[in-house]
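Okay, so here's the structure we're looking at.
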Amino acid sequence: MKYINKLEEWLGGALFIAIFGILIAQILARQVFHSPLIWSEELAKLLFVYVGMLGISVAVRKQEHVFIDFLTNLMPEKIRKFTNTLVQLLVFICIFLFIHFGIRTFNGASFPIDALGGISEKWIFAALPVVAILMMFRFIQAQTLNFKTGKSYLPATFFIISAVVLFAILFFAPDWFKVLRISNYIKLGSSSVYVALLVWLIIMFIGVPVGWSLFIATLLYFSMTRWNVVNAATEKLVYSLDSFPLLAVPFYILTGILMNTGGITERIFNFAKSLLGHYTGGMGHVNIGASLLFSGMSGSALADAGGLGQLEIKAMRDAGYDDDICGGITAASCIIGPLVPPSIAMIIYGVIANESIAKLFIAGFIPGVLITLALMAMNYRIAKKRGYPRTPKTTREQLCSSFKQSFWAILTPLLIIGGIFSGLFSPTESAIVAAAYSVIIGKFVYKELTLKTLFNSCIEAMAITGVVALMIMTVTFFGDMIAREQVAMRVANVFVAVADSPLTVLVMINALLLFLGMFIDALALQFLVLPMLIPIAMQFNIDLIFFGVMTTLNMMIGILTPPMGMALFVVARVGNMSVSTVTKGVLPFLIPVFVTLVLITIFPQIITFVPNLLIP
């Protein structure tokens, strides 16, 4: 059983390394040997579909898919147990339908993939049913634990029997499922989309993982309207992962993990300490400065909070800082990551909005620096008021030694940005280069990274990627419903009726995102609302590069605000303190962040000037 439990991890880790090698070969073939590989990109995308699906399966087993629990946490224990049982039942149905639709799309696939020697696209579509069967097995494993620990009323045997019965019906009497077509009984017309959206909100807020709730709502819509087109729509579940720009996401995740395991994080922190530690509020400045440097390599807010957080909080405690400020600064400074290039959030926005990722990278730099300086100013004020001690000023020799040890790590952002703008590699390939560079530094320079650690890091990155992959798949499916019913256009018409200028629209959008960010995870929020907000921005002639940076900053504020502020929970965990302590500490640091948001909203040129200058 031990080896079976590791099946996805070993297979996914091996495929992850295979993609890594293929894309490194692609860069070398083009830049060194001047002979591009025509098959590498297509093969990498095909393997990524499997990596993403295997990651979803791992997250099902560990029950790590993104969900909203603030309402269920308020429920009495018996009601919460009943609600959790309902949630598990809905997830079970989703996985069964993944298998069902996966088989149908696999059988219908016939086109060749020319870049891979004409092999059938069935190889891509096979990922959905094959891995979904594995998901079902993992789901039943998880339910065994849930029943034993009293989290569910339904034992695993119930789901096993249900699965056997449903598969028997599927293979021997598939027409029986036609009774589930609501359109056979009720004709709701254009109201169907509103029913689907209402159901989506209800099941999402009772704890159904966000990705699965999107899938259920969309299927409900199709059952009320156009079930005959559902097969074509479900093809998008797989095609949504068959995207080259999305390959950057898992490799920036991997880079952040490798920085922690390869000794890079500690050296970045020590350099920031030698540079800033002797000023008033020095250790707070070190915390913020280290986050700026770290963000230039990992591109993730929570990677910063989790990777640097423990190190930063310990150093601040040792220097005499109160826990609330230790936690508050650590949480607040982590939002620099998604703004300063490279940025996972910017990559996702670029894919959704079909905008230049290189431009987005550059556009986020100035706001990132502004927030860094603003947080340092607030830290200085608090440190002076509370009388925190300074650390002794480092000597020139100590500063040089610290710089020498961290030099190769600090070089990473310059390598990434320089490579993109020199044309050596694309923004997607920059993630591969960053990960490869982290391997080289960790293995051969700092000598703290082993091959076993590298493989385990790939497995961890694959598992995190699975959470993102489910969101990408189901939000694309959900987007088909939104597009068919022109929901984005309807929302835009409401904005047009209320707003009289682009600034008014931006204020309304900021207010909406700030409110939603209190309850919905930033990643989920990005996938859910951007497809509806981007058309509104276009209708008011708002620059989409500016819009991407503004919405990214806004959503990052969401990870700092309760009750769903993920950074608060991560920092509380790594710092061994209560969430309320972190929340208390982060409140004063929200002021400079809000001021920066207002500033860039009123003066978008702060964001657009540099990218327009460098990339006409």
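Here the Cβ of each residue, glycine as well, is placed from N, Cα and C on the backbone.
Owing to the predicted nature of the structure, the values given are computational and were not obtained by experimental measurement.
Taken straight from Swiss-Prot:
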{"type": "REGION", "residues": "1-190", "note": "region 'TRAP transporter small permease'"}
{"type": "TRANSMEM", "residues": "36-56", "note": "transmembrane segment"}
{"type": "TRANSMEM", "residues": "83-103", "note": "transmembrane segment"}
{"type": "TRANSMEM", "residues": "117-137", "note": "transmembrane segment"}
{"type": "TRANSMEM", "residues": "153-173", "note": "transmembrane segment"}
{"type": "REGION", "residues": "191-616", "note": "region 'TRAP transporter large permease'"}
{"type": "TRANSMEM", "residues": "196-216", "note": "transmembrane segment"}
{"type": "TRANSMEM", "residues": "244-264", "note": "transmembrane segment"}
{"type": "TRANSMEM", "residues": "288-308", "note": "transmembrane segment"}
{"type": "TRANSMEM", "residues": "357-377", "note": "transmembrane segment"}
{"type": "TRANSMEM", "residues": "431-451", "note": "transmembrane segment"}
{"type": "TRANSMEM", "residues": "459-479", "note": "transmembrane segment"}
{"type": "TRANSMEM", "residues": "505-525", "note": "transmembrane segment"}
{"type": "TRANSMEM", "residues": "552-572", "note": "transmembrane segment"}
Cβ pairs under 8 Å only, please: of the recorded stretches 117-137, 244-264, 357-377, 459-479, which one is richest in them relative to the transmembrane segment (552-572)?
357-377
Under 8 Å between C-beta atoms and at least six residues away from its ends: which parts of the chain pack against the transmembrane segment (196-216)?
65-69, 71-72, 83-84, 86-87, 90-91, 93-94, 97, 224, 470-471, 473-475, 477-478, 481, 487, 519-521, 524, 528
Which residues of the same chain, at least 6 past either end of the transmembrane segment (244-264), have a Cβ under 8 Å from a Cβ in it?
16, 19-20, 23, 41, 44-45, 48, 51, 294, 297-300, 303-304, 307, 342, 344, 347-348, 350-351, 357, 409, 427-428, 430-432, 434-435, 438-439, 441-443, 446, 448-449, 453-454, 457-458, 460-462, 464-465, 468, 472
Mean predicted confidence [pLDDT] for the region 'TRAP transporter large permease' (191-616):
84
